[in-house]
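Per TrEMBL, these features apply:
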- 21-171: domain 'MARVEL' (DOMAIN)
- 27-49: transmembrane segment (TRANSMEM)
- 69-92: transmembrane segment (TRANSMEM)
- 104-128: transmembrane segment (TRANSMEM)
- 148-168: transmembrane segment (TRANSMEM)
- 203-222: region 'Disordered' (REGION)
- 212-222: compositional bias 'Low complexity' (COMPBIAS)
Amino acid sequence: MDIGGAYGGGKAGGAFDPIAFVQRPTVILRAVCWLFAIIVFGCISSEGWREEANGKEYCIINRDGNACNYAVGIGVIAFLAAMGFIAGEYLFEQMSSVKTRKHYVLADLGFSAFWSFLFFIGFCYLTNQWGKADDPPNGEGVNNVQASIVFSFFSIFTWAGCAYFAFLRFKAGVDPSFSSTYESDPSAAQQYAAYPASNENDQFQEAPFSGQQQQQQQQQQR
């Protein structure tokens, strides 16, 4: 991962290279998070629920509806967030404001670390409930639930990796050579404004009493 400019990105306004973009470790990792999220919520949504004789649905993970809903919830949000951060990676190089880049990096760091933790909770929760569950009729949905559990485990590390890259960006900070045309230091302007402007005419004012001395000299010469 290249670190430079401001928080890991170069100056705004550069040419966009799609090949270099898709080869970035952050973009690749986001794409992996996106794929894993689809597997986590897709497997539960398609085969995680069964219908009883009375028409009521139940979750095959120990009949715990919260387990199925939790897996689907974190998976869907992770899916949307991964797409959002991929778009953010594209827009990151276009951000001329250092403060905007900093806020984006901090949001990336916080969200990625938090979602890695949620996937850890989800993996433990699903594994515990699945171990207590009865075997579904004809083994239907077993592979889907197991896939959801496995990819919840993998997602812990992919989102943790995203948080790590965000931490590297935040640690890199701003290169001194990086300058933004849209930002200025208001304190510097106030410091310069505190000094009164000099009047060039003051340098050419006559010294006090110089006129009286000239008159006295003229009278003596007479």
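Glycine is no exception: its Cβ is also placed from the backbone N, Cα and C atoms.
Remember, TrEMBL labels are computer predictions, not curated facts.
The average pLDDT computed over the domain 'MARVEL' (21-171) stands at 92. Listed by sequence, the residues of this chain that lie at least six past the ends of the transmembrane segment (148-168) yet keep a Cβ under 8 A from its Cβ atoms are 1, 3, 8, 25-26, 29-30, 32-33, 36-37, 39-41, 43-44, 48, 71, 75, 78, 85, 105-106, 108-109, 112-113, 115-116, 119-120, 122-123, 126-127, 130.
Residues 9, 16, 21, 24, 26-27, 30-31, 33-34, 36-42, 44-45, 48, 59, 101, 104, 108, 111, 115, 118-119, 122, 125-126, 148, 152, 155, 159, 162 of the same chain sit 6 or more residues outside the transmembrane segment (69-92) yet have a Cβ under 8 Å from a Cβ within it.
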